[in-house]
Amino acid sequence: MISSGSELVKYYHNVLEIMIFFPFIFFDIADLKEQITLFKGVLLTCCVFFMYFRRRIYGPNLIDVPVKSYMRLLFEEVLNPFYVFQVCSIILWTIDNYYYYASCILIISILSISISLHEIRKQSTTLRNMLVKGTLSNGCLLFISEEQCVSSLDLVPGDCLIIPQEGLLLPCDAALLGGECLVNESMLTGESVPVLKTSLPSADGRFSADSERRHTLFCGTQLIQAKGGRSDGTGAVAVVTSTGFFTAKGRLVSSILYPQPTNFRFYRDAAKFLLFLAAIALGGTVYSVVLLVRFKASWLELVVRSLDIVTIVVPPALPAALTTGTIYAQRRLKKLGVFCISPPRINISGKVSVFCFDKTGTLTEEGLDVWGVMEGGPAGFSELVPDPRRLNPGPMLSGLACCHTVALLRGQPLGDPLELKMFQSTGWTLQEPEADGLDSEFGDHRVLAIMRPPPQLEPGVGGAVAIVGRFPFSSTLQRMSVVTVAPGGQSLLCRPETVPVHFSSTLGHFSADGLRVLALGYKPLDANTDFRNLTFLGLLMMKNLVKPESAEVINMLRLANLRTVMVTGDNILTAVNVAKSCGMVGSDEKVIFVKATPHTPHSTPTLRFSLGDGGSAQDNTEAGFGYHLAVNGRSFAALCDHFPEYLPKVLMRTTVFARMAPEQKTQLVKELQKLNYRVGMCGDGANDCGALRAADVGVSLSEAEASVASPFTSKTENISCVPLLIREGRCSLVTSFSLFRYMALYSLIQFCSVLILYTMQTNLSDLQFLFCDLVLVTLLAIVMGRGGPSSALHPSRPPASLLALPVLGSLFIHTCVIVTGQVVALLLTTSQDWYVPLNATRPGEDNWPNPEDSSVFALSGFQYIIMAVVVTKGHPHKEPLYRNGEEHLSVTDVHIILSEGLMKQHILDVCFYVQLLISCKICKCQIQRII
């Protein structure tokens with residue numbers, strides 16, 4: 001067995017294969033099933049011998065974030081290619097007596113490395129302390145005849161853990177064996193509503209924490225209260241399933257420490273373009289070597305001057321300059337309540353072409369209102385009853401009152417908003433059982449909750465109902481159920497019923513109106529808890545209103561040529577209605593339903609298309625692009641399995657994905673990415689965490705400042721943050737393009753200046769180099785990144801390739817203009833009557849100032865300014881240049897100083913120091929704004 005330092009997880013070696021390693025599975029599934037079976041008869045954990053054996057294998061239950069020493073961090077930081085290049089450049093400049101610039105870069109590099117080391121170590125220390133504080137605790141292990149209190153560090157998979165009634169901060173992942181727990185999972189999902197977890201049923205099949213989330217307690221979540229798990233009715237019992245970095249919290253921490261690299265074309269092209277600049281530097285080096293050999297320069301001067309060309313063409317400040325626009329964008333987003341934990345994703349958001357939205361809580365309001373109830377029977381449906389309190393006492397009313405997972409916390413009911421509304425609509429009250437949960441009123445059954453009707457109802461079938469078992473809502477089964485008893489202990493809800501003849505048409509009618517429709521059924525239970533063949537009771541209709549901002553934002557995105565998609569677990573007709581209400585589907589556009597069926601022993605896979613109004617899909621061929629597809633989860637699965645050749649075509653035209661399980665949402669995002677879409681995902685983080693993390697840009701609507709569920713978290717609980725993020729992303733991407741082109745042109749301008757002056761046997765002075773490199777270019781690069789986004793989204797998206805023909809073509813044309821201008825300036829200077837050629841016998845510093853150097857330097861200074869204005873893009877993705885006051889001020893300031901320097905050459909040094917002070921002041925203001 002080995003431990004991987006890069007992922008902080010353990011692997012085991014398959015001795016039957018060469019160099020094959022597998023992640024170490026902590027707990028055998030068969031053991032878990034056996035543990036559950038044994039628990040039903042007697043509380044049990046592994047014997048002491050096996051407990052110590054497992055501790056030796058698994059190690060301590062600790063999510064340990066390594067905090068590296070300053071020396072190791074320094075060694076790793078200095079080995080960065082960027083800093084290695086800078087160190088070599090500083091050594092070269094020192095040998096060349098270029099002390100000013102070398103000293104400045106050395107000081108800046110030391111400060112940068114020191115700040116970076118301090119921040120890295122501070123973040124690691126803070127994260128480690130937070131994790132240790134949230135993990136270290138004491139817990140009780142349950143043996144056959146005794147309980148033993150141990151440290152959470154000693155917990156291993158297979159241990160039976162006793163959860164106290166008052167709850168705790170769980171230090172591991174565990175499957176709940178007995179009792180119920182009210183859990184706050186906001187740290188993992190961003191969901192602020194506590195979730196009720198119930199005991200794992202002893203059913204066959206392989207245990208999976210993802211599919212059994214309602215029965216799994218996750219590490220790092222706060223257990224608010226536990227009950228019904230022990231003989232006295234207090235606390236709960238769970239079996240540890242995973243520890244350390246194999247827990248849900250451990251995987252999240254690992255993803256933070258070792259994030260998945262962003263595969264963005266802009267960054268790939270940037271590396272390739274640097275190689276192109278390196279090739280230009282090689283050509284310049286060869287040219288300078290030929291010149292210096294011709295001028296009989298010393299070997300030291302030949303080496304120094306040749307390598308100096310490399311430091312000019314490949315700018316060391318390029319990586320820092322590219323982050324300027326991202327830093328400003330992140331700061332503006334934070335002011336608007338959008339928090340980012342992955343800054344490189346801001347640029348990627350500028351290229352998003354498809355944005356997926358969850359429905360409930362994202363496009364629509366979080367809560368639902370009861371719209372009405374209809375009882376059903378063999379003769380059909382009864383009249384619609386708007387208020388469930390008006391129902392006659394009977395199975396329907398009792399079902400509405402008890403079929404939920406609502407729990408009491410300090411006297412206040414908590415639970416899923418839908419279930420809470422349903423329960424409150426009945427007017428019944430929720431009562432917690434006393435002490436051990438055994439209630440003589442209900443035949444000494446161990447009761448989880450008691451539902452009592454209003455006092456005005458007569459006792460009988462409409463009397464109190466006790467819940468003795470809960471099966472929470474399952475996304476896979478798309479249902480939930482409870483087991484209840486009536487006073488005296490006899491089974492309740494036992495009257496046989498049948499489904500009305502017009503069930504499908506009635507369901508379709510209400511669903512098409514955008515209502516959330518729930519069906520209620522019941523059956524008597526015996527020892528075999530089979531939930532099939534239920535007796536139909538009726539329908540509950542709930543209205544989920546669309547948020548007022550949704551339609552406006554969707555319309556804004558559609559006008560910007562951004563495709564919008566709804567991904568929901570709700571009914572397909574309800575989802576289509578909401579899509580029409582919020583503008584995803586236009587009023588004059590058709591909806592075609594895609595129905596795919598899998599292979600069965602009695603039928604072959606089929607794929608059919610039908611219009612929403614009952615027509616045939618062929619009737620809509622003349623509509624062209626005026627139609628949308630709608631697919632449910634079952635059809636999506638059948639498409640992936642049996643019709644992969646049609647899947648890309650369906651994905652490109654589908655607007656509504658309904659009845660999608662959480663794992664299907666993640667799969668959908670990945671399938672869209674395979675079609676070269678840049679995919680955005682917006683949800684509340686409750687059941688779409690996987691999709692939010694898989695998307696190129698994931699936005700979680702949460703009250704927390706930062707959520708581990710996605711790269712972006714918005715404190716505004718509507719989708720108005722999406723266009724803001726896309727506008728900032730496009731602005732940041734355009735800014736990065738501009739800065740990259742500017743830094744490349746800056747290098748080429750100085751490269752041309754130096755080669756021309758090498759030809760004339762002279763060079764720029766140290767102060768001139770320092771003025772261009774540290775003051776002029778750095779100042780302009782900083783203020784160029786400050787420009788904000790445009791006020792509206794444009795239908796076109798900014799380019800993402802630096803190697804595109806327009807980009808390379810513009811750089812080539814600009815370079816030709818730059819070279820031509822400097823050569824013309826030099827020729828005009830040498831053609832003047834007052835021109836005196838250089839004295840080749842005097843050393844270079846004794847020839848300063850000279851006409852050749854002054855003409856080339858002055859013109860190159862204006863070229864830096866002009867190029868900053870030329871490459872700075874405004875419309876359509878960024879605000880105009882004239883609105884960026886600081887850039888306008890800096891350009892004007894530098895222009896005046898250079899103009900004065902042309903009239904009086906010796907005043908250049910004085911102007912340099914004046915400009916340095918002004919630049920430092922502006923840079924200080926910029927830094928304060930960023931912080």
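Quick reminder: no glycine exception, Cβ is built from N, Cα and C everywhere.
Keep in mind that this is a model prediction, so the values were computed, not measured.
The domain 'P-type ATPase A' annotation in TrEMBL covers 147-256.
Feature annotation from TrEMBL assigns transmembrane segment to 12-30 (among others).
Per TrEMBL, transmembrane segment is recorded for 36-53 (among others).
Annotated transmembrane segment per TrEMBL: 73-93 (among others), in sequence order.
The transmembrane segment annotation in TrEMBL covers 99-120 (among others). Cβ atoms under 8 Å from those of the transmembrane segment (99-120) belong to residues 68, 70, 73-74, 77-78, 83, 86-87, 89-90, 93, 316, 766-767, 769-770, 773-774 of the same chain, restricted to positions at least 6 beyond its ends.
The transmembrane segment feature in TrEMBL is assigned to 273-295 (among others).
Taken from TrEMBL, the feature transmembrane segment covers 739-761 (among others).
Taken from TrEMBL, the feature transmembrane segment covers 767-788 (among others).
Residues of the same chain lying 6 or more positions beyond the ends of the transmembrane segment (800-828) and with a Cβ under 8 Å from any Cβ of it are 264-266, 269-270, 272-273, 351, 733, 737, 740-741, 744-745, 748-749, 752-753, 756, 760, 852, 855-856, 858-860, 863, 867, 870. What TrEMBL records for 800-828 (among others) is transmembrane segment.
Fewer than three CB pairs closer than 8 A are found between the transmembrane segment (273-295) and the transmembrane segment (73-93), and contact between the two stretches is not assigned (pairs 6 or more residues apart). Residues 270, 273, 277, 280-281, 284, 287-288, 291-292, 295, 305, 308-309, 312-315, 317-318, 321-322, 324-325, 772-773, 777, 780-781, 784-785, 802, 807, 810-811, 814-815, 818-819, 822-823, 826, 838, 840, 844, 852-853, 856-857, 860, 863-864, 867-868, 871-872 of the same chain lie 6 or more positions beyond the ends of the transmembrane segment (739-761) yet place their CB under 8 Å from a CB of it. Along the domain 'P-type ATPase A' (147-256), the predicted structure has mean pLDDT 78.
Here the domain 'P-type ATPase A' (147-256) has, by DSSP, the following mix of helix, strand and coil residues: 22 helix, 41 strand, 47 coil.
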